[in-house]
Amino acid sequence: MGSEALVHVFLVSFPGQGHVNPLLRLGKRLAAKGLLVTFSTPESIGKQMRKASNITDEPAPVGEGFIRFEFFEDGWDEDEPRRQDLDQYLPQLELIGKDIIPKMIRKNAEMGRPVSCLINNPFIPWVSDVAESLGLPSAMLWVQSCACFCAYYHYYHGLVPFPSEAEPFIDIQLPCMPLLKYDETPSFLYPTTPYPFLRRAILGQYGNLDKPFCILMDTFQELEHEVIEFMSKICPIKTVGPLFKNPKAPNSVRGDFMKADDCLEWLDSKPPQSVVYISFGSVVYLTQKQVDEIAFGLLQSGVSFLWVMKPPHKDAGLELLVLPDGFLEKAGDNGRVVQWSPQEQVLAHPSVACFVTHCGWNSTMESLTSGMPVVAFPQWGDQVTDAVYLVDVFKTGVRMCRGEAENRVITRDEVEKCLLEATVGPKAVEMKQNASKWKAAAEAAFSEGGSSDRNIQAFVDEVRARSVAITGKSTANGVALDLAEKSAEINGKVDLVETKTNGKVELVEA
């Protein structure tokens, strides 16, 4: 890995596709700036990543640094269905993680790779507790919009009124944000949310916000300027997005849980801006009736389409969705249905005209950065808030629905209307122009010297400054005491430093 030691950051991810992808992308950005990055998540996900993305145990060079993987057992059997219940899984993950992560940190130090910083994403705020116990600085990557971060912050601290059981239909006015209707705030905050465990999981991070020295966000300054400026006065925020754009990172270093189908050759055969791309992410599950209506709406519209239909997890207890009889035959070569796709490449393909999306933040950032208009089909969580921004603020989309709170099936006629509005006519032209402007702004942000690039460099510089020397027993790698005891012949104070010749941990006399 080279003769000169690299400052080492250790990333711990919640094992969800929407969490793994942005944190791994951040890891590649940090590695490209000359850091050694270790990415860690439970082995149950590591196994899927190895199979889908050809991940190996060898460090992969990225720019001036390297990225490597260390997965850990979460204490449950591979086919344990309780992983699908966050109320049960999150406490288990915390119990195991608080024990095994320190051991992994110490092992890395013993191997000559002392860790200088821990970084986690939402749902696992206890990682900052682990860092604190080891004397390590920590940071957190927020994987939703800054607008949603602001909403959760104000809800957690009770700073503005939110819908309640007594007043379920009130509007919400948050600082530097548009007025949100009761069903446009992140749905986990609804008083009647069917996902109270997700509300607890997200808000858990806000009880630990005083511990990370930096909150990194997968957004960019120009996209959410006002709310970023406001929240930056409260929290140490650095915008580092869009993370999925990284020209220095090899495509082989990916975090997909499923191997993508080869659909690019089919797209190559289609005229420019003629294909509608449909994907509802890794966790949204539609009803069979809704799938049928989308299918018939596609046929009525006559547009070409690429539709991602991911099968539900085997332990989720959900029925396998099927397409209407004769649907594929009627579509012919006009349509293609796959289980998973290389979304970044699909959105960048000249044949794709628009993106029918659930409006998760990863997909939102990818659509904006690719200059892709959207048809907004949010369901729950931050998706409903993201849809407001895509349609009303960024003006790159049309709205097909308002989310699960509507409690209705979107009809085939509504599907057809939205597809045509987003692909032909003056509205489609306007949306494409706006999307192209955001693409240019995103490219400027992540290019060398752009706002996000500067923030990543500033973060790297701060991590390096914090790791210059680690003194005495309060060592950032958690092993100074063990090493000092083995070096009893050294009198006086013992310092633990990382040398610049071989990256090994050495004890030197103070």
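Backbone N, Cα and C atoms are what each Cβ position is placed from, and that goes for glycine too.
Keep in mind the model is a prediction, meaning the values are calculated, not measured.
Among Gln339, Gln343, only Gln343 appears in Swiss-Prot as part of the UDP-alpha-D-glucose site alongside His358, Trp361, Asn362, Ser363, Glu366, Asp382, Gln383. In this entry, UDP-alpha-D-glucose is bound by Gln343, His358, Trp361, Asn362, Ser363, Glu366, Asp382, Gln383, whose most widely separated C-alpha atoms sit 20 angstrom apart. Put simply, Gly381 (anthocyanidin binding site) is 10 Å from His358 (UDP-alpha-D-glucose binding site) when counted between their Cα atoms.
Closest to Gly381 (anthocyanidin binding site) by Cα-Cα distance, out of the binding-site residues Gln343, Trp361, Ser363, Glu366, is Trp361. Look at Asn362 (UDP-alpha-D-glucose binding site): DSSP puts it in a helix. Taking Cβ-Cβ distances under 8 Å and a sequence gap of 6 or more within the same chain, the neighbours of Gln383 (UDP-alpha-D-glucose binding site) are Ser187, Val284, His358, Cys359, Gly360, Gly403. Taking only the Cα positions, the spacing between His19 (anthocyanidin binding site) and Glu366 (UDP-alpha-D-glucose binding site) is 15 angstrom.
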